[in-house]
Amino acid sequence: MSLTWSAKDHKSMTQPAATGQKRSRNDIGNKVAVVLGAQWGDEGKGKVVDLLATDADVVCRCQGGNNAGHTVVVDGKEYDFHLLPSGIINSKSISLIGNGVVIHLPGLFEEGDKNEKKGLKGWEKRLIISDRAHLVFDFHQVVDGLQETERQAQEGKNIGTTKKGIGPAYSSKAARTGLRVCDLLGDFKDFSMRFKNLVRQYQAMYPALTVDVDDQLKKLKEYCERLRPMVRDGVYYMYEALHGSPKKILVEGANAALLDIDFGTYPFVTSSNCTVGGACTGLGIPPLNIGEVFGVSKAYTTRVGIGAFPTEQLNAIGELLQTRGHEVGVTTGRKRRCGWLDLVIVRYAHMINGFTGIALTKLDILDVVDEIKVGVAYKVNGKRIPHFPANMDVLHKVEVEYETFPGWKTDTSAARKWNDLPAKAQNYIHFIENHIGVPIKWVGVGKSRECMIQMF
């Protein structure tokens with residue numbers, strides 16, 4: 001990451017500029033590196049973040065909530081993170097939950113305490129929470145379940161949400177009836193009144209919804225004091241981090257490009273922007289401060305829940321990928337659907353995010369496959385289309401054009417450098433790199449940190 005900021009620059013920044021004096025375009029401060037999912041999630045972002053977080057000063061979450069699930073293995077111990085940034089493992093760095101994240105407080109503290117039992121010490125002292133972040137309440141989670149049941153009854157299909165209340169919380173935010181961290185820590189009488197109004201609104205829509213308001217408010221008041229020391233003005237904190245002494249700042253995206261509320265396979269998406277723009281809006285930082293953008297993709301494709309999946313393999317190959325890859329959701333425990341690597345979606349993710357490097361994970365899962373296919377284009381009515389279809393009916397009907405590669409039939413899990421990989425695996429990687437037009441920076445061949453082969 002390039003750091004082009006000096007103490008002199010900082011001094012001139014903190015003093016008010018003379019009237020009409022323009023700030024140099026070079027005085028942009030520290031750059032942030034962003035890690036984003038390039039498929040439908042579960043690509044191994046946590047592992048890449050963990051790798052980069054070892055020498056990061058600040059690690060941030062900018063969107064989503066505890067619907068995300070990142071697993072990090074350190075010294076043989078497996079930590080599961082849903083709301084906490086994976087960087088919380090690094091005792092030398094600060095972890096920040098930005099304004100774009102929706103926070104379920106019981107979930108946050110339960111997650112912290114659970115990981116503390118596994119050996120995560122002092123996490124509360126290293127965590128900063130933006131006062132502008134919206135809150136997810138227990139009733140949001142109940143409503144999430146009610147909405148899924150309603151969708152199933154009306155349309156015969158649901159979205160496959162994690163039932164963590166994320167969609168309803170973002171709905172409250174967009175409807176301007178949501179409550180934020182700063183509201184909870186402000187006048188509690190005013191907060192209580194607004195909380196009761198919000199409950200009444202939801203009960204008008206869902207008569208079956210029962211909420212013990214007094215009990216909920218009592219619990220929220222208790223969380224207040226535990227939460228208060230962690231809360232800061234997130235915008236000001238990030239501004240200081242960007243324009244202070246040189247720092248390595250990392251942004252950990254949750255979910256993935258194809259689950260983005262705008263660019264994903266709508267309506268089977270999440271409720272936030274999990275592409276690069278979400279890093280700016282979810283933290284309050286300018287685009288100018290975005291540096292490296294790393295996309296994470298598996299060496300094949302998986303998807304949880306329903307929705308179009310052009311390269312899905314409902315056969316022995318799909319079964320093999322599912323069992324060998326232990327493809328079960330961290331948050332939901334649902335079996336993931338599996339298929340060949342789809343480079344149409346990875347290129348589409350690159351169009352939106354402008355990746356500067358790719359992490360290709362779980363290459364070792366393909367070690368036993370005789371013949372490997374890669375989706376390189378979509379055809380509609382026999383004609384190649386240059387774009388990724390917005391319409392789900394069209395996406396369901398596309399015909400995938402594949403390139404076929406011979407399998408390497410060698411165990412790659414012990415590979416630690418490029419030359420340790422068999423030639424056929426190297427060819428596979430080169431093909432992916434050339435097709436997307438982005439260099440592959442890491443290749444993953446196992447669960448632990450050591451299994452990420454760094455290419456450059």
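Placed from the backbone N, Cα and C atoms, the Cβ positions cover glycine too.
Residues annotated as active site, proton acceptor in TrEMBL: Asp42. Cβ environment of Asp42 (active site, proton acceptor): Gly69, Lys298, Thr302, Val304, Glu327, Gly329, Val330, Arg336 lie under 8 Å away, each six or more residues apart in the same chain.
In sequence order, Lys45, Gly46, Val49, Asp80, Phe81, His82, Ser86, Glu252, Ala254, Val330 are the residues of the chain that are 6 or more apart from His70 (active site, proton donor) and have a CB within less than 8 Å of its CB. Feature annotation from TrEMBL assigns active site, proton donor to His70.
What TrEMBL records for Lys173 is active site. Sequence-distant neighbours of Lys173 (active site) (same chain, 6+ residues apart, CB-CB distance under 8 A): Val102, His134.
Counting Cβ atoms from all protein chains shown, Arg336 (substrate binding site) has 21 others lying within 10 Å of its own Cβ. Taken from TrEMBL, the feature GTP binding site applies to 41-47, 69-71, Arg336, 362-364, 444-447.
According to TrEMBL, the Mg(2+) binding site annotation covers Asp42, Gly69.
The substrate binding site feature in TrEMBL is assigned to Asp42, Val330, Thr331, Thr332, Gly333, Arg334, Lys335, Arg336.
TrEMBL lists Asp42, Glu43, Gly44, Lys45, Asn67, Ala68, Gly69, His70, Thr162, Arg176, Asn255, Thr270, Arg334 with the feature IMP binding site.
Annotation comment: TrEMBL describes 1-24 as region 'Disordered'.
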* Asked: Can you tell me how far the Cα of Thr332 (substrate binding site) sits from the Cα of Thr162 (IMP binding site), in Å?
  -> 6
* **Extent of the IMP binding site in Å [max Cα distance among Asp42, Glu43, Gly44, Lys45, Asn67, Ala68, Gly69, His70, Thr162, Arg176, Asn255, Thr270, Arg334]** => 34
* Do you know which of the binding-site residues Asn67, Thr71, Asn255, Thr332 has the most other C-beta atoms within 10 angstroms of its C-beta? -> Asn255
* Between Asn255 (IMP binding site) and Thr71 (GTP binding site): CA-CA distance (Å) -> 13
* Asked: What's the CA-CA gap between Lys47 (GTP binding site) and Lys335 (substrate binding site) in angstrom, rounded?
  -> 21
* Spatially speaking, which of the binding-site residues Asn255, Leu363, Val445 is closest to Lys335 (substrate binding site)? Use C-alpha to C-alpha, please. => Asn255
* Within the chain of Leu363 (GTP binding site), which residues six or more apart in sequence place their C-beta under 8 angstroms from its C-beta? -> Ala299, Thr412, Leu421, Ala425, Tyr428, Ile429, Val443, Gly444, Val445
* **Candidate with the highest Cβ count within 10 Å, taken from the binding-site residues Lys47, Arg334, Lys335** => Lys47
